[in-house]
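Taken from TrEMBL as is:
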type     : residues : note
REGION   : 1-41     : region 'Disordered'
DOMAIN   : 37-81    : domain 'GRF-type'
TRANSMEM : 117-140  : transmembrane segment
Amino acid sequence: MMGGGSNHVSSSSNRRSERSCGKRTTRSSQERVPDRCGCGSRPVLKWSGTEANPGRPFYDCPNYNSIGKRWCGLFMWADKLADEEEENDRGNYGFEMEEWRMKFAWKLGKLECEVKALKLAFCLLLVVVTVIVIVVCVVWKQ
């Protein structure tokens, strides 16, 4: 483990691109962390303990420096990947905002229809309850 100060924290499933509200962009295999590394294991997020890169996050094969296990050679700096994603996100900002606006307008229209239906149902229920109360009062007096 690089510098001995590495900690396992997260798998590649916590990529920021999966959390964005817009569409996921397609990226080449060199620009993103693969779901599985060359030996079939999930890459893990670790932090460098070297003097050259203290505390710098990176993705690595979990079999690195493990006795009896094959290391596939996977190594990627996590902050470099995040910078590339941020740059890509800036390029897609206009498209993602337009897509978000369309989805928001559609959901807002749907909610407005639901509110109208609920108001109508409430008015109908109020009329039914009023009629029942009147009928009960008339029957009770007789």
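Numbers run from 1 along the shown chain.
Including glycine, each Cβ sits where the backbone N, Cα and C put it.
Just so you know, TrEMBL annotations never went through curation; they're auto-generated.
Helix, strand and coil counts from DSSP across the domain 'GRF-type' (37-81) read 4 helix, 11 strand, 30 coil.
Residues belonging to the domain 'GRF-type' (37-81) score a mean pLDDT of 78 in the model.
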